[in-house]
Amino acid sequence: MSKEIKFSSDARSAMVRGVDILADTVKVTLGPKGRNVVLEKSFGSPLITNDGVTIAKEIELEDHFENMGAKLVSEVASKTNDIAGDGTTTATVLTQAIVREGIKNVTAGANPIGIRRGIETAVAAAVEALKNNAIPVANKEAIAQVAAVSSRSEKVGEYISEAMEKVGKDGVITIEESRGMETELEVVEGMQFDRGYLSQYMVTDSEKMVADLENPYILITDKKISNIQEILPLLESILQSNRPLLIIADDVDGEALPTLVLNKIRGTFNVVAVKAPGFGDRRKAMLEDIAILTGGTVITEDLGLELKDATIEALGQAARVTVDKDSTVIVEGAGNPEAISHRVAVIKSQIETTTSEFDREKLQERLAKLSGGVAVIKVGAATETELKEMKLRIEDALNATRAAVEEGIVAGGGTALANVIPAVATLELTGDEATGRNIVLRALEEPVRQIAHNAGFEGSIVIDRLKNAELGIGFNAATGEWVNMIDQGIIDPVKVSRSALQNAASVASLILTTEAVVANKPEPVAPAPAMDPSMMGGMM
């Protein structure tokens, strides 16, 4: 395929047009009075959303050069979403502001490399000032405020706050679709995995079809149990203790399963067998997690252990285990707290180093199960369109809340970025680096301007007053009042503001230093084939 190439100002101008098209589409959603954007879907009903990254990902421009500019801004939104989970619209607005001011100076003859160094220095100073202004999120009320601001719903804020209180900041909080119209919170305490009993005859409650085991022993193995003789010595020891048994194995089949079921029905002992969770290496890791949580040992050939040699000391223990046809929940495992803490630290380290989004998600789930439980927010709505929009808002709120717990909060509504302007202005830079600093100074005002504009106010007047206001005092665009943003619960996580600024500056600098752009040349559309006269038949 042949290529089309543009150089210097022609290349940058085309990319900037793409940046502006995408940013102008996204920035209308910013703030408490931001509007929605309707996205056409290839099938199903249109998606109505105010989620910046969702909108950015949908935009494809016909002009290849403009599309490259749009895609670079979309990358800013995506990266900010990956790191902080929110702030994608702010990142887009900042990118457009830096590019717009930067292009003016580059076109006027400034050196783009010098400008880039100035931008990097200014952003580093702004980030440091943001961190210095941070307030730790230490209580349930503060968490609820962060979530409420992001989701634009106090009720959602309460759900997320309650969920984090129940499962901890490392716990898994999932968002599912409810069958009804109401949004509700469901918390599963302890370690849960998606494997149910191997036989319905193992239930202890025939009405609910669940098996409840109080103070059970837990046999954990990656082997398949087909011969009852392999575990007979162990069963005899458990029988003497008069305690129930949970078997977690690769499988239980052959004569072993009917023998266990028969003894359960006769009342000889209370036993439930389930398959081990996961597959391959992930299964081994999850079995090890269960063993550490319950204080047991995984009976595996990798450690040179055989089922026939296993003793009661190798079994795990828990206060309670509940098993239904689809899942198993282990509550209050008897594992060593230090061993559990060490395992948690190892998994956290793996989360930080992995490059796979799928692996990171699975590691987060394992971390949550070791840390205390899983909370499920079941989203209800009247229509499918409303449901999709609600789910996106709650996901943003959840991500923002986690970011707030991690690095603290600052005043919201763009106020925090405006508050760091003095720290950037004091940087002593010269030449093109000073120009780069001034570009960042102008960009830091842009989120406040856009929020005010979307709410029907004049952004320049708001920013002028904000520059002279005390730290934390800002403009509440929802009411048109000047308030203490923190006291009013108008807050942003530091991680969100920081990531938005850093990612915007990074990509904007790349655009400013671009000197040539190479794009695929559109293929000419082939003319339609001429109709064969013989096909005309009686039409002649």
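Placement of Cβ uses the backbone N, Cα and C atoms for every residue, glycine included.
The annotation ATP binding site is assigned in Swiss-Prot to Thr29, Leu30, Gly31, Pro32, Asp86, Gly87, Thr88, Thr89, Thr90, Gly413, Asn476, Ala477, Ala478, Asp492 on the grounds of sequence analysis. Thr90 (ATP binding site): 29 other CB atoms within 10 A of its CB, across all protein chains. Under the three-state DSSP scheme, Thr90 (ATP binding site) falls in the helix class.
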Ala478 (ATP binding site): tally of other CB atoms within 10 A of its CB: 15
Candidate with sparsest Cβ neighbourhood (10 Å radius) among Thr29, Thr88, the listed binding-site residues: Thr29
DSSP three-state assignment (helix, strand or coil) for Ala478 (ATP binding site): coil
